[in-house]
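Here the structure comes first, spelled out in structure tokens, and everything after it is commentary.
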Amino acid sequence: MAGSSGQQGKGRRVQPQWSPPAGTQPCRLHLYNSLTRNKEVFIPQDGKKVTWYCCGPTVYDASHMGHARSYISFDILRRVLKDYFKFDVFYCMNITDIDDKIIKRARQNHLFEQYLEKRPEAAQLLEDVQAALKPFSVKLNETTDPDKKQMLERIQHEVQLATEPLEKAVQSRLTGEEVNSCVEVLLEEAKDLLSDWLDSTLGSDVTDNSIFSKLPKFWEGEFHRDMEALNVLPPDVLTRVSEYVPEIVNFVQKIVDNGYGYVSDGSVYFDTAKFASSEKHSYGKLVPEAVGDQKALQEGEGDLSISADRLSEKRSPNDFALWKASKPGEPSWPCPWGKGRPGWHIECSAMAGTLLGASMDIHGGGFDLRFPHHDNELAQSEAYFENDCWVRYFLHTGHLTITGCKMSKSLKNFITIKDALKKHSARQLRLAFLMHSWKDTLDYSSNTMESALQYEKFLNEFFLNVKDILRAPVDITGQFEKWGEEEAELNKNFYDKKTAIHEALCDNVDTRTVMEEMRALVSQCNLYMAARKAMRKRPNRALLENIALYLTHMLKIFGAIEEESSLGFPVGGSGTSLNLESTVMPYLQVLSEFREGVRKIAREQKVPEVLQLSDALRDDILPELGVRFEDPEGLPTVVKLVDRNTLLKEREEKRQVEEEKRKKKEEAARRKQEQEAAKLAKMKIPPSEMFLSETDKYSKFDENGLPTHDAEGKELSKGQAKKVKKLFEAQEKLYKEYLQMPQNGSFQ
């Protein structure tokens, strides 16, 4: 034994060598970078922290679907980076509340309000409109842009139409209500025309800075309400140009000190030639082919900054304003160069530079901002920081068209966010955006929205069906069921789809592919549930719940499902917060079972009135409460909580279909009745009389009433005689049937 023991000690067993699996290279996030026009691996500068600046709106009018295109798309990208890829995103957005458009619109609104307060007489109004039409006509003739020309022509036409009734009323010396009504119509139609004219003549007299702050403050509030309604997350920090004027002045001064800016007549301009000639810098990084495009550059400078005297202040036409000397009728702030206001491009540079420093990870904006706005932002910021990497990744969202056309007020396809939300929910709009690439053109049309509505309905039905399965009572161990081949196959498909979705998100956040993969996964689940139902077997609860939870999680990440956030611990401990479904469903289940019992008795006892009441509960009462009862043949009632408006819409569509069927049935019955009446009327005619009234065809008849001569007195040919004989015999048969009808009771 001792020897044996020693043997064991000598040959002691040890664990075999272990080798890690080869594995696969993890998929990395790539983003389409406008600086390279390629998809690049996304590598933040500081670990998982991501600094992100997004160009916000210029707030002088209602937000429209073009704004929604950018802000919903960036909201989706931000959520995916934060909640899916788990980056620590610091998101900054600006509000442009000092701008040429704002100044002009504020002055126009103020002057038009003053004009209305004076209550101009009809004759004076007509005189003013004619005066305003003169410069307007010159502007119309000089306009070459077809969309803008169409808009101006429409304004001119509508003003002329509104002018005529008032001119006639004045000529006829009408007074009172009739004239006042014509005045109101003309004031409404000529508002833009008169506002522009008043601004050109009196705009320089507007000096109160509060007039220029009132307008953007109002529209900023409307913008935030629109974003909240669209479920767009608010930025981590919001910057307003009006609150950063001192920082902008300092930013401009340093650019001048670094040799890239120059002062001219109280304004400060960026020296593009000096910057481009520097070995450290490049001008026009985003759209180099657009450098020198004077039309684009002038649009970037603003309507109030492209007069001949302004343009003459520049060393080069390619230079752009960092600071503008204020003219009479423009707001102003003190600075080393005299009273003035910021240029458009410098505003973003100063605010983003103040908060995010010399280099940010992501800068975002709409596609049409690439040049000159973003190229000029890059230039002046890199001139300030003396670097070549102010932005690492530039993301630009695609255009939005309206039913294939460029969005334009002149084409009457300018849709505000509020108007869009009257037709479709925020979720439906977001689903439409998710079903398209964020960087490509999106066509906002009835077809696009119908696809989104169908997708929403498709997913919702799946979630409702899974909820119904999960509500089926089981004991605590019964919720874990043995898997068969069908469950194993569905689970494999589930993990395959998760991989495909991850790869799509890594590929420039390709939500379009993600949505298709999710649709395919739901289709596989539907086939599985249908097969189990056909076999009278219960689907696997845990598997379907896992898939439904995953899909819900993804939709929450995309912002398609809202989550209520709360601070701190829930009141009353965990699990006590109100959940409508878990609270209401037990009561609905009791109601459903009671209704089933009542229906069973009503069918057995043949009480149709009770069955009708039961159907009315299902079809008329419960939908008003957002509850759907489904009565599948031979199976228990399925209870679903659905959005009330969705159910009411479904009910209305069902009623319309039924009404259409009823109308078609009535129409068919009416046609049948008319045909029978016509047939009866024909049957009543004795064959001997059937041709006698046709004097336009025949002139002579035999003793039986058969025609022998045509209308011109010529004897009928053999063929014609044979034809009328055949008609005569057919009528003879019909008349015979008619005479027999009272005897056999066919007609009463």
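Every residue gets a Cβ built from N, Cα and C, even glycine.
These numbers come from a predicted model, not from an experiment.
According to Swiss-Prot, the protein has these features:
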BINDING   Gly56, Thr96, His373  L-cysteine binding site
COMPBIAS  654-679  compositional bias 'Basic and acidic residues'
COMPBIAS  700-717  compositional bias 'Basic and acidic residues'
REGION    1-25  region 'Disordered'
REGION    654-686  region 'Disordered'
REGION    700-721  region 'Disordered'
MOTIF     101-104  motif ''KIIK' region'
MOTIF     406-410  motif ''KMSKS' region'
In the same chain, which residue numbers or ranges, 6 or more beyond the ends of the region 'Disordered' (700-721), come under 8 angstroms Cβ to Cβ?
686-692, 694, 728
Within 10 Å of the Cβ of Thr96 (L-cysteine binding site), how many other Cβ atoms can you find? Include all protein chains, please.
24
So how many other Cβ atoms are close to His373 (L-cysteine binding site), meaning within 10 Å of its Cβ?
21
Quick one: what's DSSP say for His373 (L-cysteine binding site), helix, strand or coil?
helix
Same chain, not part of Gly56, Thr96, His373: whose C-beta falls within 8 angstroms of the C-beta centre of the L-cysteine site? Give them in sequence order.
Cys55, Pro57, Thr58, Asn94, Trp344, Glu347, Cys348, Gly365, Leu369
Please give me the CB contact count at 10 A for Gly56 (L-cysteine binding site), counting all chains in the structure.
26
Quick one: what's DSSP say for Gly56 (L-cysteine binding site), helix, strand or coil?
coil
